[in-house]
Amino acid sequence: MCNLICKRSVHLFDLFFSILNQFPSHSLPSKMYYSISLSNPSKIPSYHSKNSKAKSRKTILYHHKERVPRLLPSEIFPLMKTHQAPHFRKFRMVAKNETTKPSSPPSLSFLSTLASDAAQFIYSSIFKAIAPPLDPSVDPKHVFTGNFAPVEEMVPTECPVVEGELPSSLEGAAYIRNGPNPQFLPQRALHSFEGDGMLHSLRFSNGRAIYCSRYVKTYKYTTERDAGGPVILNFFSGFYGLIDVARYFRFIGQSMKGQVERLKGFGGANINVAFFGKKLMALCESDLPYIIDLTQDGDIETLGRWEFDMRMFANMTAHPKVDEVTKETSAYRVNFLSPFLTFFRFDENGVKQNEVNILSMKQPSLIHDFGVTKRFMIFGETQLVLNTAKMIWGRGSLLEYRPTITPRIGILPRYATDDSDLMWLEAPGFNPLHVLNAWENGEDEIVMVATNIKSLENILVKRVFTTLEKLVINMRTGKLISRKSLSPKPLELGSINPSYAGKRNRYVYMAVMDEIPRASGVVKIDVETGREVGSRFFGAGCFGGEALFVRKETENAASEDEDDGYVVTCTHDENSGDSMFVVMDAKSPELDIVAAVQVPRRVPYGFHGLFLTREDLSSL
């Protein structure tokens, strides 16, 4: 493909100079040459003998009938193969006689300027089409810097408790968090939402903490590890220019030849961690989950892909919902072709139950999370559409913001067998990212607490503004009764007491977003009053991540008070370079620090985590 692009580029330049050759002889003297400034003339092996007349070693003279496009195979094509655009070279025409000094008749002044501008335009247009500069939001050299930069794996290592004491509720338990950590940085686009998943865990025993970090050994990771470089394309980041389109068709060719196994999935398993069906799993929504094991010594092992669905491009949400009463798990997948959304569930043993296709959706919408009550599943159809055609033609990200679409909320009976009882209601301006909880208020009302993306046009930029909102829906009338913002702060990556999932709850714990997923602090919000009732900020230059609630355990059972527990997160001090695992008192207004564990090395900012009890670990 690159050879084809190069040949066509040469033909464009030939065409330009062929047109130039058609001018009458009295307008274009036979002794005219073209002076071309080069960054590295040593790469040009040989040229016309008249090149010796060049005034500078960095200038080469060409007769107008010679093939100036020789520059393409000599300097430009080698650079194209490394996906680097060459420095811009300015073309200018000068008149030079073999026996006299150069002259530029006034009659040629306009023609000289016109030819120079045309050459510059053609040259820059070609390279903008082939490999345009990447926006900083998808440029890996810009995105994965500072504490977003990847780190190496680390074997189980003991960590010192530098403040307070680890509470007894953590004894024998473990914390594990997921996030993107690219094994290789590609030359082209890579968004912070992509990159190979790396799990960071802390296992607690006898007042000590053992830290470990390991890659999720996905098909993508192992394929690229064995190849020694990037192989699988980053579809979410998108394609920008002809060079990315060429790589896409090459990738398709490799798939058709069996060099890349399409049924193995291409996801990085980098978004979330879930525990259900007696399995611990690393998840992303572009692939099936990967089963993980935490060993007794605190190490992390990838056991393999959970292939409960063997179709091509099989996937599952990164946010499955577990019912602690029935032990069932609800989930869904988003499809590029109709049906664009499919719900399903797993029983207590992880056996998949019937599927429900949502046939009333007319385009593939980004649905990142959903809510589950005793009787219903609630999800939002957003203004973010998955546009594969735009991506394949090299015009950007897979995601496309369509302001003409009116967002809708869909409410589906939890045990429906088809979508005939699906209720849709319009919710202008509501584009949910994460659903913190949803519950039924009597027979007629559903309450949902979720984050809402307020700046969809900047969805790929880290500084996306999201607010926490509470919605009340009347099921009898099918109307949205009320919608209220619970805080003026940009809040994301929050949690509740998991015992209250699907039931009425009062408190949510949210990270205050400096830029996703980097948080400057944590706040506790009372969803009944809409007031902030607790907060802690990490200080100048110090940032954390998701605010995860951990129940306080007694000898017999969990505490009955909803907020009786701890809020945990990983923080990083960008001034000192220290990373900490911080345990905060969820009841206190200042979210007082109960314990702080110093992690032996930097922990990059990531996404979602999970707390596993002793019982959870024993059932793995």
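Cβ coordinates come from backbone N, Cα and C, glycine included.
TrEMBL: automatically predicted annotations, no manual curation.
Under the heading Fe cation binding site, TrEMBL lists His319, His368, His434, His608.
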Do any residues at least six apart in sequence from His319 (Fe cation binding site), in the same chain, have a Cβ closer than 8 Å to its Cβ, and if so which, in order?
Asn272, His368, Asp369, Phe370, His434, Val435
Within 10 Å of its Cβ, which one of these binding-site residues (His368, His434) has the largest number of other Cβ atoms?
His434
Taking only same-chain residues 6+ apart in sequence, whose CB is under 8 Å from that of His608 (Fe cation binding site), what do you get?
Arg177, Asn178, Ile271, Asn272, Val273, Ala318, Leu493, Glu546
If you take the centroid of the Cβ atoms of His319, His368, His434, His608, the listed Fe cation site, which other residues of that chain have their Cβ within 8 Å of it?
Ile271, Asn272, Ala318, Asp369, Leu433, Val435
